[in-house]
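Below: the structure, in structure tokens.
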Amino acid sequence: MENDAGSPSVGGSYPQKNAEILSSQYGINLFLAGLLLTFAWAVHAVGISKSHLLSYLITLMLIQLLWMLWYLCRSCTQRRLIRDKDTHAGARWLKCGITLFAVITLILDSFKIGYYIDFSNCLSPTEGVFPVTHAVHTILQVYFLWCHAKDIIQSFKTLERFGVIHSVFTNLLLWTNGVLTESKHQLNEHKERLITLGFGNITVVLDDHAPQCNCTTTTLCSIFSQGIYYLYPFNIEYHILASTMLYVLWKNIGRKVEHHQQHKTPFKFHGITVGMIFGLMVLTSTIAIVVVYLIQIGGSKVKSELALTMFYLHAIFVLALMCTAGIVALLIYRLEDRSLDNSKNPARKLDAELLVGTAAGSWLLSWGSILAIICAQAHPKYTWYNLPYSVLVIIEKYIQNLFIIESIHREQEKVNDDIKTLRIVTISRGSTLSLTPSYKEIYNGRAARDSGEVPCPFKGSICGRDNGGGAKEEMSPENSLVMHSASDFSFYSRNSVTNNKRRILKNIAAFLFLCNLSLWIPPAFGCRPEYDNGLEEIVFGFEPWIIVVNLAMPFSIFYRMHSAASLFEVNCKT
């Protein structure tokens, strides 16, 4: 094992580069094996049951638990050593977010345990062991990320690379399993809804993995089975967040960082009232729309069409507002002249790549809907609203990605010392006395000493520099006061304009943050018009379109949550 400090860049030395390549290939093969096993269970492959899949996942979680315990024990023995930290990784708000999702995931595990107890007569023992192992894995992993997400590992680097990448792909497989389970549940409901919309030519064959025995307590079984699917969206977000944080930890292994002061950027509600009010209005209306949609869809053809029309109109209005806000923010950036921070930062690079990569899921669905509307022979009235909706989804993500990526790459504006200085000025007999000199006065005084001038702590006193003949150049108190006042007026005018721009940008970031949370809610909790309007199934065929939706929808859902997290960071940074 290597104990050297590492090279200047990630994987700079030949052995470390090999370790990085080997560990990444190990993780990919681990993931592909689990992915194939998951697919085999989903299509009811001969000889593959759910117990085989769960046994594989349990084994991966146990290996990760052993590695995390080893890392934590080793960290405790080296507690007094000073370690490098990546100040950009593992932000406090991100840790709080993953903790919230983890708590809900623990509730999900308790529901699964209760479900197993009620159906224990016909369920495999692995279905009882899995939620218990998963709960222990969740608790220890959240503790690990809270304590060590910022670590830059410089010892046992080869072993740590394999341990961290194993954790990354274990979480990705748990995410895949959650997505598949939740998608199968949504698909069953979707097939039943299509019948109410009059699409009788679509063959409906329900994919049922329900236990083949009776429940011991009917009421509890109903609560557990329904509650599990409402909690899955939080479990899915938990695992994808955990995998991204662990990936940044993996990229930081052996990395050299410059030791410079990191400015803290706490979140403040002051100055973002307008953005919060409009964002909360969007959030409240979205929750109401989702509730009505889930009640109405599938009830009858008329109710289903009204639910779809209501959803599209609301989404079109919200997306139009978000596009407008994003354009205003980009115009403000064009008016400013601030340099970009191009320093190496794995966390920031991953954020930008995830934004563009996961947006592709929504773009794929939107272009599929646009093509279906163009090519379809019959167009029910509600399907025409899908056209502006799909176009706005593409444009809004394009604009928002530009805004977020530029925001996280802009250098943080430093607060001018003139603003922080308390200046007490008294005027007596035409002279100005500054009891507390400002930064500019101190700086100019130092420059004056360098050039032979004598700094003036009192504005009315005679100060100057020696001329060639030894005479002193004097400035009257009246001229000094006039020049000082004009300079202050110019400075505070510029500062006022800058503050107004920052206030507008903070309100836009707050508004977009709440809008992205709002747009995460509908697909996460079953409000998915891509499933329910039926037009795409007619054009592309039922099975091909469902495959496209099931592949793209998880990325679309994750995009909204990741955008909300990035916009929260933008709001703190602005």
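Positions of Cβ are set from backbone N, Cα and C atoms, glycine also.
Copied from TrEMBL, the annotated features are:
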TRANSMEM  26-47  transmembrane segment
TRANSMEM  53-72  transmembrane segment
TRANSMEM  93-117  transmembrane segment
TRANSMEM  129-146  transmembrane segment
TRANSMEM  158-176  transmembrane segment
TRANSMEM  229-250  transmembrane segment
TRANSMEM  271-295  transmembrane segment
TRANSMEM  311-333  transmembrane segment
TRANSMEM  354-379  transmembrane segment
TRANSMEM  385-404  transmembrane segment
TRANSMEM  504-526  transmembrane segment
TRANSMEM  538-559  transmembrane segment
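Most Cβ pairs within less than 8 Å of the transmembrane segment (538-559), among stretches 53-72, 129-146, 158-176, 504-526, belong to 504-526. Between the transmembrane segment (271-295) and the transmembrane segment (385-404), fewer than three CB pairs separated by 6 or more residues in sequence fall under 8 Å, so the two stretches do not touch. Residues 23, 86, 89-90, 94, 97-98, 100-102, 104-105, 107-108, 111, 138, 141, 145, 148-149, 151, 153, 161, 164-165, 167-169, 171-172, 174-175, 178-179, 181-182, 185, 346-347, 350, 354, 524-525, 554, 557-558, 561 of the same chain lie 6+ residues outside the transmembrane segment (229-250) yet bring a C-beta within less than 8 angstroms of a C-beta in it. Residues of the same chain lying 6 or more positions beyond the ends of the transmembrane segment (53-72) and with a Cβ under 8 Å from any Cβ of it are 30, 33-34, 37-38, 41, 124, 126-127, 129-130, 133-134, 136-137, 140-141, 144, 147-148, 160, 163, 166-167, 170, 173-174, 177. Within its own chain, the transmembrane segment (93-117) has Cβ neighbours under 8 Å at 123, 127-128, 130-132, 134-135, 138-139, 141-142, 145-146, 149, 216, 220-221, 224-225, 227-228, 231-232, 234-235, 237-238, 241-242, 245, 267, 565, 568-569, 572, counting only residues six or more beyond its boundaries.
Counting Cβ pairs under 8 Å that are 6 or more residues apart, the transmembrane segment (354-379) and the transmembrane segment (311-333) reach fewer than 3 and are not in contact.
Nonlocal intrachain contacts for the transmembrane segment (158-176), taken as residues 6+ away from its ends with a CB within less than 8 angstroms of a stretch CB, comprise 1-2, 15-16, 19-20, 22-24, 26-28, 30-31, 34-35, 38, 57, 60-61, 63-64, 67-68, 70-71, 134, 141, 236, 239-240, 242-243, 246-247, 249-250, 253, 554.
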